[in-house]
Amino acid sequence: MKNIIRHLSKPAYREEFKGDTSPRTAAYISNRADASLGSTYKLPLEAKFWKMSIALICFLIVSSNCFASEPLPWQVTFQPPASPIMEELHHFHNFLLYISTAIVLFVAGLLGFVCIRFNAKNNPVPAKFSHNVLIEIIWTVIPIIILVIIAVPSFRILRHAEKIPETDLTIKVVGYQWYWHYIYPDHDNLEFDSVMISDENLKPDQKRLLDVDNRIVIPENATVRFLITAGDVIHSFAVPSLGFKIDAVPGRINETWTRVAKKGVYYGQCSELCGINHGFMPIAIEVVSKEDFDNWIASKNKTAMNGKNPKLAAN
């Protein structure tokens, strides 16, 4: 009723309904008052909705950078780099993004300019020239310069990845359908299989489709060389946060290296289609302190000596 009285006090309502106090008129005025009030609050509600949407998008983008070890739903960026090679790849990606964005904006702006400036309405008589030497030189030289600018850091990263420094630890990796076999030749040829943990055996703190029964364990700040091959078909040994993806080819040994300064567990997966269970070949690399690594080696060797490390049967 207060809404009706307030709106009736406006000049427009006083003139329109002067002297009319019937219930029908009162209901009509009430509906118009409610509609007016609704339109009054429409903008703040929309603003609140957009603020919440922007906040949610920012949360998804930022949260994707808060976890270094695993892929996340709705992740739109790389996993944060955990090795020297991945740090270089991350910077190179951002560098390429700036160049690509500039090219896209330039081409889109040029296309819009041409559509507006040289349409049939503005140019009823079309130009009759067939070529322009200066323009052709420009659009040939500029792409060459861009490619050279891109190639220099690209080759530098490739050289850094291929040139393996003096190593502190070597690990042999053998891919099978559908599990990984690891060998530590520097530690009495310690070897074990690594198999994905099934859903029924998964513990609350373990990650589905990523955790394994036996992880690779390496010490922090140690240069580790991986010698990679396969025993049946082609696989691919890939850990995104460490910046490597190396094919495991039967009869051939490929190699890569890494050095991780931060403790934690870093996950990867087989990245080469290798059969029906290709998607169930995760890789888990745990980085620990030097003391914990030595204790882990001693424990594994003791287990092997006691005969409690059975080989995985072919499946």
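Yeah, the Cβs are placed from backbone N, Cα and C, and that goes for glycine too.
Per Swiss-Prot, Cu cation binding site is recorded for HIS235, CYS270, CYS274, HIS278, and the stated evidence type is sequence analysis. The domain 'RPE1 insert' annotation in Swiss-Prot covers 6-53. Under the heading transmembrane segment, Swiss-Prot lists 41-61, 96-116, 133-153, citing sequence analysis as support.
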>> I'd like the number of other C-beta atoms within 10 A of the C-beta of CYS270 (Cu cation binding site), please.
In response: 25
> What three-state class does DSSP give CYS274 (Cu cation binding site)?
Replying inline: coil
> With every protein chain in view, how many other Cβ atoms are within 10 Å of the Cβ of CYS274 (Cu cation binding site)?
Replying inline: 21
> Do you know which of the binding-site residues HIS235, HIS278 has the most other C-beta atoms within 10 angstroms of its C-beta?
Replying inline: HIS235
> Hey, for the Cu cation site built from HIS235, CYS270, CYS274, HIS278, who else sits with CB inside 8 A of the CB center?
Replying inline: GLY175, GLN177, TRP178, VAL233, ILE234, SER236, SER271, GLU272, LEU273, GLY275, MET281
> Tell me, what is the mean pLDDT of the domain 'RPE1 insert' (6-53)?
Replying inline: 51
